[in-house]
Structure formats: C-alpha cells, structure tokens
Amino acid sequence: MSDFELDKGGANHQKPEGKDDVMTTAQGAPVADDQNWLKGGPRGPSLLEDHIAREKIFHFDHERIPERVVHARGYGVHGTFELTNPIPELTCASILASEKGKKTPVFARFSTVAGSKGSPDLARDVRGFAVKFYTDEGNWDIVGNNIPVFFIQDAIKFPDLIHAAKPAPDRDFPQAQTAHDNFWDFVSLSPESMNMIMWIMSDRTIPRSLRFMEGFGVHTFRLVNEKGEAKFVKFHWKPKQGVQSVVWNEALKINGMDPDFHRRDMWAAIDSGDFPQWDLGVQVFDEDYAEKFEFDVLDATKIIPEEDVPVQIVGTMTLDANVENFFAETEQVAFCTQNIVRGIDFTEDPLLQGRNFSYLDTQTKRLGGPNFTHIPINAPKCPVRHFQQDGHMAMQNPKGRANYEPNSWGGDTGVERGPRGCPVNGFTSYAAPMGATKIRERSETFADHYSQARQFYISQTDIEQTHMADALVFELSKVGRNDIRQRMVGHLLHIDKGLAQDVADGIGLKELPAKPPAARKPITDLPESKALSILKNTPGHFRGRKIGIYIGEGGDAGVVSALKAAAKDEGATVEIIAPHVSGAKLSDGKVMEADEKIDGGPSVVYDAVAIVMGEDAAKKLARNKPSTDFVNDAFAHSKFIGYHPAVKPLLEGAGIANRMDDGVMDLSGKDAAKNFLSACGALRYWKREQG
Ligand code: HDD
C-alpha cells in the first residue's frame, strides 16, 4: 500500500501529492482526518469537542439559499459582446457608441419561469433571457424573455399571475406547468393576457435548445445621445443558429428521458467549441411614431411589428465559456432591470417601473443583504467608488476617512476626499415631461387586448396554427371547471373564429359560448407579420444540430463513416447508439463504440436519426421496444430518417415500412449521406404531419 493507506474507519485515502492538496478547515488549519468524528473510544459517543466535524456539518446545514421566486431553474454562461455597428447618434452609452469592434464581457442566464430549481427543462413555459453586460461605464442588464410580450400590463398584478401559474397552494402541484385551473382561471379573467396566451401556446415555449431561441427586452426603453436627445427603443436578440422548437409529444418524452436536456445541450456545445451567437438588434422610433402607432408603446403586452420598424443590428454576443462553479456564478448572479447605464433610460411602462423595485428587493433577500454587488459575478469590471459601507459580508468598504458627502477632506491633509457626482459623464435621467393627477387607473390606450393576438395567430403557418390549437386543447382539458374552459373559448372568438371552433371541438363543447364583453376599442384587422412565425424563418441548415446513428451488428461501415463525414461538413454533431453500450461490430469487422445504449439514446434527443445495421440484427431488434420506439418517435415527430436497406425488418417492426415518405431516405447510394444531411437542413419533414 504505497499510495493508499487504510484509515481506521476502513476507507482508502490517497496521500496528498503536494502542500496545496492538504485539506484545511475553513480557518485554514490543516486537517488530518475528516472521515471519522472524534469519539470517546472507537465505539463510544461522538464528542462535541470535534471542531472539525462541527464546522463541516455547520457549513453543510447552511448551503441553501432561497431559490428565485420565479425563473428558479436556469443555466448561465459567460461570453463577450462585440459592437459591430456603433450608434453614437442615438446613444452615448460607451458599449453601443464606441468604435466598431469594442468588446464587453457578458454573463447570460436562460431560465424557465414557473418551475422550481429541479424541474424539467422542457416544460411548456416562457424562457428567461437575461444578459449582464460588464460595460466600462457600469453594469447594464437586459432582463428579457424569449417572447416579446408579457401577460400583464401593470407590475402590481405580477404576484397574482405567478401565484396562479405556480403549483396550487393547498396541494403543491402541478409542478412547472400552466395546465391547471388556477392559471386558466386567472388569464381568462385577465383579457390583457390574450396576446401572450397566443405566444405561449405556440411552439416558442418548447424550444429545441436554448441556443435556438430569440430574446427580447420586451419593454420600450429610451436611448439618449450626448446632446440629451432621446428616441424609443426595443431590444432584440437574433440567434445566428436560427430558431427551432420541438413538438409537444417530444417535449413530454424528453422531460422523462433527460430533464437536463437544455442545460446539457448548452454545456456540450460550449465545451466542444461550438459557441452560440446572437445579434443584438434595436428597433428605434420617435415620439411621432409612438403617437401614430395604433397601440401604446408603454404597453408591454404589445409588439412593434418588425415590418413597421425594422430591427437594426448593432453587435454580436458570443457565449464561449461554461461556468466553473454553478452556485458561485449561475445561482448568485443578480440581474436587475434597474441596472442601466448612461445613454439608456427607462420609460413610464408600468410593468418596467414595478420591476425596477422588485429585482433589487428580491436579490437582497436571496443573497442575504445589500452587498450582493461584491460577489464576483455581480461586481462591475470598472472602478466602483461611492460612500456605501458596511452591512452583511461587506468586502469593499471605502478607504480613507471621508465616508460622507460633501466633505472638506483632501487638499493638504493628504487624505482622499472621495468620489463626487459628475454631471458631465454621469447618469442623468432623460428630462421627460411629467405633471399629472395622482390616479390608480389603467390607461385607455392599453385597452385593445385582441388585435395583436389575432395578428400573431394569422401570421403562423398551418402547422403552427394546429400546434397552437392542440396546445390549447391539452391545457384546457387539464382544467377541471367547465366555466373556465368556456370563458377561454369565449376570448378565442375575439381572436379567430376557426381557432375557437377547433378548441371547442377539441374539448367537447357542444356549442360555442358567448363572447365576453368586447374590448373597449374595436378590434383592428392587422396584417400578417412573417417575423412572428418560426417555420417561415427556418434557418435552412443543420449546423449546430445533432444526428443519432443507431448501429447494430453487421452495419455497413462505409455508410456510417460517410454519415459522420457529411455531418462534420455540415457543422453537426453525431452520436452513436447501439443495442449495447460496448458498441457493435460493423461490416469491416471492427467494433464501433457507442455513446449511448438504445434505452438511453431515444430518438427524441436527436434532430435527425439514421439506422445502419445488418439484416440479422434488424430482425432481432424488430420486436425490441426501445428500438421500435426509436423509429416510431422519429417518424411521429416528423424527423428525417436515414436508413440502410438491410434494416427493413426493424422498419417493419416499427410499422412504418409501408408509410415511407420523402423524409425517410435510403443511405446506400452514391452521395446518399451528403444528400441526407442537406435534406436535414429543413429540420423537420413537416409534410408528414399534414399528410
Ligand atoms: Fe421578472 C426574475 C424576466 C416581469 C419580478 N424575470 C426574472 C428573470 C427574468 C425575468 C429573465 C430571471 C433573471 C435571472 O436569470 O436571474 N420578468 C421578466 C420579464 C418580464 C418580467 C421579461 C416582463 C416583461 N418580473 C416581472 C415583474 C416582476 C418581476 C412584473 C415583479 C413585479 N422577476 C421578478 C423577480 C425575479 C425575476 C421576483 C425573481 C428572481 C430574480 O428576480 O432575480 O424579481
């Protein structure tokens, strides 16, 4: 036993290699044994005296902090924002107004809203899209979502919305889903939610990957230039990877198969050097446009159509580093909508104004005190100078004698007089005119709740519309009270009669209910907006996607290597699945190792699949459930399927042999693998769903 020695408790301990490996207490004192509590004799009572054991247990007992009250489940990554098209004429914020190529470090956290910290990634839910820019003029946070509108118009309703969406207080279920009475009760009584309801019933709420989502700042903000002139702005994140979602049945299965699907995907992409990128775009408009626009730009339940005000790209964010420690970085990062910098300002949007209170408040509770800005992930990367001091865990109290303002220290006393406000370079609020009567009322200009909901619906392809109707039917079928179901269908009648009818049929309503009282404004027939559909904007490439090749004994080695080469050319990744994790012997007599055993590598976790095995193996697996599910699910979820003709028995076993369509492709011919990968660029063979 040269490297190991047996301790008295029977555990093997490796001897530390150098001084740095020696374990210490939190006080830095080296520890001889942290596996046995000090006792009165080997079988005697444990002694309270053991400061090492008590310190270890004490710290463990205090490891948890409250999870976020919303967006508890999230995944954070580091990156850089590069300014590609500076806009100094619009803003004096150095991050957007400096020279082209300026780089600013960022930390982004993506999240679901309703589920708790341990909930599955593919819940139907809005995704948080929060970015902290460590600018040289202070931290700027865009705390956005992957959907450009919100459920409510006024922050005072937020606790009600979230109480209704989260598990019911008496029974504490259902977890991470809106398919229950409380949620639909609340929204059916809040017509302002209808535009958001259309968005959340679309496939936007079941993204394929966090890398394949758009992001939105949601509110209208202001950009203010050096001269103090302001324009309105909405922020957009456009993924260079394109937007892609899964289908609902797939989401349900992924949640069971791999609840960490999204975080694993992000981690793996960055770990392998496939860094996701988003362009940051701005929609800029002035007071005149705001006056003429048929909705109120301060109403967060409305978009400004991209066809009206195009998105102007200003820079690119590249996420290129996983965190070193999840708790230290992802859990402790504290986003605040109030974190803005000079050159960017708020508007009077009542949702935004309320958020500006809530985030600071929640971080103080979550992170234990006002000094959360001292935690490295939250600390600005530019100089910080102020007279704030003390409080729990203060790490950076101001130096010197002066800790108040004004002071007369400095000069020949040799003591620093400390920082002072600077009207030239400091933050100045845009001088927006005010002057009004104190009143607790919603603006009349916020009153049209249906026109944009309808615009969203009619802008979708037939397939997307069907998915929305199916989602509504699923959710409302989980609602126990018929009056709530009926009330929802009533709202749908204002949005689209066909949709209302489909949902009414789907939930078995004998007749359509009456429409709820009409909105105060007449519903406007808005034109379709192509930007609102995912499928009308399919990226047309398979880059960044994953193909699963199911191999078996005797599989054609040439086909497998052609597929691997074609996938590499496309920028896609390959995973090998086999009946056994040890792999399978292919036609060239060599054993190819597997990444997954078939039970752990179902087709739902891949964007496209291929099956390559010898006829005997395919015959054997034709009645193997994980193998037939692999084929069946890929077919049912409209995925492209490549196959070697020898696997026909398995396709027959799965019941698709006589339903083959152009999305099921023979891989045996010349250039077949290449053609297959290029067909996969359409991402799904949607015709199958329609057929
Ligand atoms: Fe919020 C977290 C996005 C409305 C109160 N919100 C939170 C996060 C995101 C959003 C992405 C997670 C940040 C992170 O990763 O740590 N929230 C939004 C968007 C909204 C919105 C896009 C509407 C446009 N939120 C909203 C309102 C309120 C809050 C109206 C309260 C009045 N949100 C919070 C919070 C959270 C939060 C309670 C929980 C954890 C946290 O802040 O850090 O303060």
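Including glycine, each Cβ sits where the backbone N, Cα and C put it.
What TrEMBL annotates here:
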ACT_SITE  His71  active site
ACT_SITE  Asn145  active site
BINDING   Arg68, Arg109, Phe158, Arg355, Tyr359, Arg366  heme binding site
DOMAIN    24-413  domain 'Catalase core'
REGION    1-22  region 'Disordered'
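The domain 'Catalase core' (24-413) scores a mean pLDDT of 97 in the predicted structure.
Counting only residues at least six positions away in the same chain, the Cβ atoms of Gly74, Tyr75, Gly76, Gly128, Ala130, Thr330, Val333, Phe335 sit under 8 Å from the Cβ of Arg109 (heme binding site). The DSSP secondary structure for Phe158 (heme binding site) is helix. There are 21 other CB atoms within 10 A of the CB of Arg68 (heme binding site), with all protein chains counted.
Checked against Asn145 (active site) by C-alpha proximity, the recorded positions Arg68, His71, Phe158, Tyr359 yield His71 as the nearest. Fewest Cβ neighbours within 10 Å among the recorded positions Asn145, Phe158: that distinction goes to Phe158. Fewest Cβ neighbours within 10 Å among the recorded positions His71, Arg355, Arg366: this applies to Arg366. Within its own chain, Tyr359 (heme binding site) has Val143, Ala334, Phe335, Cys336, Thr337, Gln338 as residues 6 or more apart in sequence whose C-beta sits under 8 angstroms from its own.
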